[in-house]
Amino acid sequence: MRTPIIAGNWKMNKTKEEAVSFLQEVKGKVPSGEKVEAVVCSPDLFLDALVQEAEGTEVKISAQNMHFEEKGAFTGETSPKALKDLGVEYVIIGHSERRDMFGETDASVNQKVHAAIDHGLTPIVCVGETLEERESNKTSDVVTRQVKEGLKDLTKEQAALVVVAYEPVWAIGTGKTPTAEEANETCGVIREALATAFSRETAEAVRIQYGGSVKPANIKEMMSQSDIDGALVGGASLEAESFLQLVEGGNE
Ligand SMILES: O=C[C@H](O)COP(=O)(O)O
């Protein structure tokens, strides 16, 4: 049984005051128990305040990126050790915006995934095809390669801890989505890639999220699919009310 995971990725939005007041608004309203995990992925600047605000509640806090080294001369970067020390539990790795604009590759994703696991952080590893790749029928090849390379050299037990987010690049922030069946089919391809690279047992343990224009209006349909275990949500996670509706949708 995989616990659904709804994660709101704020990207480069909000001030500290807005971030804290969001958490104050949602924290008492997120359902307790094991039915769904609710995660807020914040800019680094607010992580400390959010971890403190979330203490003792059902809300978990995630970073949006990190460096793979524990420390050193990497100006402007954040280390996995510092994230763990703050009480952060999750970290997004290899979001398509980072692959596209900040030069992330499958190799750097792999280094970061190892570093996250080694420091006790749960990586949310993003994969997904561009429109061009989709139109030339390369979706399965692309996500299979990204999973295989991104999770390379993990043990089966380590791989089982990873969350994979399938985000078709063309669906991010565009209002366009694949049908729930199409999204599920690609999540199934990702699960097969995990089974081939690790084991069937590992593949069945890994939670796979769908991301890309998820909203309260389409979350339930996505969540009803057999291989979709949650959502990574950008725009629709910015307002507390909408985030709560998404969590509720993941809880049914
Ligand atoms: O990380 C989240 C995704 O990039 C999806 O963003 P979106 O929900 O605004 O399309």
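Yeah, the Cβs are placed from backbone N, Cα and C, and that goes for glycine too.
TrEMBL: automatically predicted annotations, no manual curation.
If you look up TrEMBL, you'll see ASN9, TRP10, LYS11, GLY173, SER213, GLY234, GLY235 marked as substrate binding site. If you draw a 10 Å sphere around the CB of TRP10 (substrate binding site), it holds 22 other CB atoms from the protein chains shown. In the three-state DSSP reading, TRP10 (substrate binding site) counts as coil.
As annotated by TrEMBL, active site, electrophile applies to HIS95. Sequence-distant contacts of HIS95 (active site, electrophile), defined by Cβ-Cβ distance under 8 angstroms and a gap of at least six in the same chain, are ASN9, GLN64, ASN65, CYS126, GLU167.
In three-state terms derived from DSSP, GLU167 (active site, proton acceptor) belongs to neither a helical nor a strand segment and is classed as coil. According to TrEMBL, the active site, proton acceptor annotation covers GLU167.
The phosphoserine annotation in TrEMBL covers SER213. The Cβ of SER213 (substrate binding site) lies under 8 Å from the Cβ of ALA171, ILE172, GLY173, THR174, GLY175, LYS176, THR177, GLY235, each of which sits 6+ residues away along the same chain. According to DSSP, SER213 (substrate binding site) sits in a coil region rather than a helix or strand.
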| query | Three-state secondary structure of GLY234 (substrate binding site) from DSSP? | reply | coil
| request: Count the other Cβ atoms sitting within 10 Å of the Cβ of GLY235 (substrate binding site), across every protein chain shown. | output: 18
| said: At a 10 Å cut-off from the C-beta of GLY173 (substrate binding site), count the other C-beta atoms across all protein chains. | reply: 12
| request: Please list, in sequence order, those binding-site residues from TRP10, LYS11, GLY234 with the Cβ less than 6 Å from ligand 1. | output: GLY234
